[in-house]
Amino acid sequence: MAKDAKKVTTAIIESLGGKENIRKVSHCATRLRVELYDDQKFNQELLDSVEGISGYFYKSGQHQIILGTGFVNKVYDEVIKAGVAESSEEEGKEDNGESNKTTIQQLTKTFASIFIPVIPVLIATGLLMGLRGLLVDGFGMELSETVLNLSQVLTDTAFVFIPVLITWSAMKQFGGSPIIGIALGLMLVSPILPSKWDVTFDNAEPLLLTVLGFDLPITGMQSTILPAVFMGWIAARIEKAARKVVPDLLDLLLTPFITLFASMILGLVVVGPLILGVEELISSFIMFFFNLPLGIGGIVYGGAIQFLTITGMHHTMVPISVQMVAETGFDLINPIGTAAIAGQAGAGLAVVIKQRNRIKRANMFGSVIPTFFGITEPVMFAINLPKVSPFLFGCLGGAAGGWLASLWGLAAAGTGTTMLPGLLLYLGGGFFQYMLVILLALGTAFVTTMVAFREPAVKK
């Protein structure tokens, strides 16, 4: 049954003390984030009774209501329609506790804000890769050259030209003009520039720019992530600086020119090559880590990633996954991350079964269900974390599933989706292994929680 966003929104606003008590509202991929003028007017008991809400917690001065992907956007729109003020990026930094965050936390939030708008495209591309793999490898279909080329257009374009998506999103995040970000990204992957892959494998020579007697090699930035992020940041700063000095009459003419010209020179000649080197070092280390013998990398990552999820730092893995798919065509992180989610699902399910109160059991079960679609926040914040040991048993399950995934070298054909929706990424290979990884992680967490966790007796 579809959830009524308007009805849920009305109930949420009432539990928050009315729209007059709401100072600011924003949202992330799954949560509605609300600041109140008077926290004493908040009625959590009323909020908990609202159907359609998967969980709630308070953090960094914000009431964070877990609604799930997609539905959170609908509720947010209804809240804005009700006349509640939305938070801007700059206001968020000042008012939402951003000033109290560490540098790492701020960087994590920035990366998340840049990559979240791009993820739907990457998910769609990954699913197309899985579908092609199913047809070719699963059913043995022979595709004609034309059909094969068209399929490569569908599956490869987003990753080859991903700097365009990144610079667009980065410019938007850093306060620049997104359209300039698109133009900048297109310049980075221009066919006039020799591809970095062709240069790496000696299939092409880099362009040489002679400066003060030194030859500076220039290549395209196809399939790169970090250079595009930094280019977006640089371009946004240049654009803001230019707008301060360029007369209004000439702003439309000179500001884009100055921004693109200065950004391209810095990007292709100085910043781009340096950041590209850093990116390659990070990629090499990640590949080394996940290919450690005996599945060690999978054990560590599968067991530890949910600790990062608590702080929001798990978003730092998104660009790494994207970069891995862009460079190699597969993602080693996806199945291990899925194991970590399955572990929390297993632990949460065990807690639900052991819960004696029928009403509480029904509410808890509603928090477990989203986990099977890749959303861990409801089960973690509403069930496992408050009880501590189920969360740890969930991490144990994640380590077990991560070990198996790493031992098999299991990899997804794309990125961005996990658990049951993630099955589509393995249609071309690894489907049953992926299922076994989920079952091992879920089963390990479920059994250990059933055996070792004790739900306090209900007082009569």
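Numbering starts at 1 and runs along the chain as it is shown here.
Cβ atoms are placed via backbone N, Cα and C, with glycine included.
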Scan 55-74, 175-194, 315-334 against TrEMBL and say which stretch is down as transmembrane segment.
175-194
Around the Cβ of Cys28 (active site, phosphocysteine intermediate), the count of other Cβ atoms that are within 10 Å:
17
Under a three-state reading of DSSP, tell me whether Cys28 (active site, phosphocysteine intermediate) is helix, strand or coil.
coil
What average pLDDT is reported by the model for the domain 'PTS EIIC type-1' (109-460)?
85
